[in-house]
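Swiss-Prot annotations:
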type	residues	note
TOPO_DOM	1-28	topological domain 'Periplasmic'
TRANSMEM	29-49	transmembrane segment
TOPO_DOM	50-77	topological domain 'Cytoplasmic'
TRANSMEM	78-98	transmembrane segment
TOPO_DOM	99-106	topological domain 'Periplasmic'
TRANSMEM	107-127	transmembrane segment
TOPO_DOM	128-138	topological domain 'Cytoplasmic'
TRANSMEM	139-159	transmembrane segment
TOPO_DOM	160-177	topological domain 'Periplasmic'
TRANSMEM	178-198	transmembrane segment
TOPO_DOM	199-203	topological domain 'Cytoplasmic'
TRANSMEM	204-224	transmembrane segment
TOPO_DOM	225-235	topological domain 'Periplasmic'
Amino acid sequence: MTSRSRQAAYSGIFINETTGEFPQKEQELFEGIVAVIAVVILTWMVFWMRKVSRNVKVQLEQAVDSALQRGNHHGWALVMMVFFAVAREGLESVFFLLAAFQQDVGIWPPLGAMLGLATAVVLGFLLYWGGIRLNLGAFFKWTSLFILFVAAGLAAGAIRAFHEAGLWNHFQEIAFDMSAVLSTHSLFGTLMEGIFGYQEAPSVSEVAVWFIYLIPALVAFALPPRAGATASRSA
């Protein structure tokens, strides 16, 4: 097991054992707070990746070469930098998966997490062995779009959790009912619920929060980088 997976597993076990002692309303409140934290972290990660994706490969290679050429002290600094980067990503994974698991959609989110971890391990070995060459710019672009839709679902789930906790009781009318078209009891509906927070009969507030988050996020993501940021990267 990799260090990242161990860190995520230990953190997940601790959080799961802690939240299991909460009363129902407090647990719903905690779920909503976790979902909000996950949305903030994922959104920050998307725009950070957008900022660095153009030159990330060259910058990483130059930083590694420079650190290794300066001697053992800088080599250990590089090791610690990688360690803390992995720890940060592991914590992000814990909050994301916890927010997904709290939606109580059965075995599919844990199964998806295991498959995702296995895929990451395989891709890591292929990249290390030089079996594939990854276009990091395109990879960050499409995964960032995917993450924005995931975050929108988490935002809608947060407002639902706050309603169940008794903190938000406005606009709770059913916006539409898609159960006849895509039920959450079907395989595909369950996958959509686990990944994107899909609800077959969402409330008006859930739909509103989904659009209020996603539309500005997509617009900001589609805008070209600021001239100042571009100039600083090219300098």
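Using N, Cα and C of the backbone, Cβ positions are placed for all residues, glycine too.
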As a test: from 29-49, 107-127, 204-224, pick the stretch that has the greatest number of Cβ pairs under 8 Å with the transmembrane segment (178-198). 107-127
Overall pLDDT for the topological domain 'Periplasmic' (99-106), taken as the rounded mean: 64
Same-chain residues at least 6 beyond the ends of the topological domain 'Cytoplasmic' (199-203) with CB under 8 Å of its CB atoms are 156, 160, 163, 171-179, 182-184, 189, 193, 210
Cβ contacts under 8 Å made by the transmembrane segment (204-224) with residues that lie 6+ beyond its boundaries: 39, 43, 46-47, 50, 144-145, 148-149, 151-153, 155-160, 163, 168, 170-176
Going along the chain, which residues at least six beyond the ends of the topological domain 'Periplasmic' (160-177) come within the CB cut-off of under 8 Å? 25-26, 28-29, 31-32, 35, 102, 199-208
